[in-house]
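To keep things clear, I will list the structure first and then write my remarks on it.
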Amino acid sequence: MNKYIKYFGIAFLVILIDQAVKMLVHFEMDFGSPGQIKVFGDWFKLHYTTNPGMAFGMEIGSEYGKLILTSFRLVAMAGIGYYLYTIIKAKSHPTFIVCIAMILGGAIGNLVDSIFYGVWLNNAPYNAPSPWFHGQVVDMFYFDIWEGYLPDWLPIWGGDYTALWPIFNVADASIFIGVAIILIFQGSFFPDPKPNPKAEEKEDERIETPQESN
């Protein structure tokens, strides 16, 4: 199998799974708490929700914040795609290449939501300048560990109602896992160059040998 097809195929597989799960959730589940499905008691649930911003529910304010975010995603996707091509060509560590492919697949998966879902699923915010590039990302995986109001003394987020682990999707998980594996195993992916004893010996001999005077 062509090495480029193999690794870009991993990214494509992430996109397919991500979009299939999102479509299934959108068409088969009710939105919000009424349609919530308990998978492992109250700890892990399927909960259909949307967010207009970045991974794990983060977002950028202002009327054109979403357009800025989507444009950034387009640029980032192109950069990651080119980087994946270069590390495949350079024969980098296979697991590292897989991680970058997972990150690329996740980035494109959420990008599809941002560009098209405002039109396909009609889920753009009511005040969006256009449904194109303003679609909201579909999320569904909910680890209900803790939710409530943060203490008022906490800087920035004090007094806000929040969940300890926000609702996320397959694309978010793919990006998170890819980044986590890179951070954990970066020593294996980017080993320090091994010293060349022979080269060091020659360098020492050159330094120790006195220069002949003319």
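Cβ coordinates come from backbone N, Cα and C, glycine included.
Annotations in TrEMBL come from automatic prediction, not curation.
Database features, via TrEMBL:
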type: TRANSMEM; residues: 7-25; note: transmembrane segment
type: TRANSMEM; residues: 64-85; note: transmembrane segment
type: TRANSMEM; residues: 97-120; note: transmembrane segment
type: ACT_SITE; residues: D139; note: active site
type: TRANSMEM; residues: 163-185; note: transmembrane segment
type: ACT_SITE; residues: D172; note: active site
type: REGION; residues: 192-214; note: region 'Disordered'
type: COMPBIAS; residues: 195-214; note: compositional bias 'Basic and acidic residues'
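Of all the active-site residues listed here (D139, D172), it is D172 whose C-beta has the fewest other C-beta atoms within 10 angstroms. Long-range neighbours of the transmembrane segment (97-120) within the same chain, counting only residues 6 or more positions beyond its ends whose Cβ lies under 8 Å from a Cβ of the stretch, are 7-8, 10-15, 18-19, 22, 55, 66, 69-70, 73-74, 76-77, 80-81, 83-84, 87-88, 128, 130-138, 169-175, 177-179, 181-182. If you take the Cα of D139 (active site) and the Cα of D172 (active site), they are about 9 angstrom apart, rounded to a whole number.
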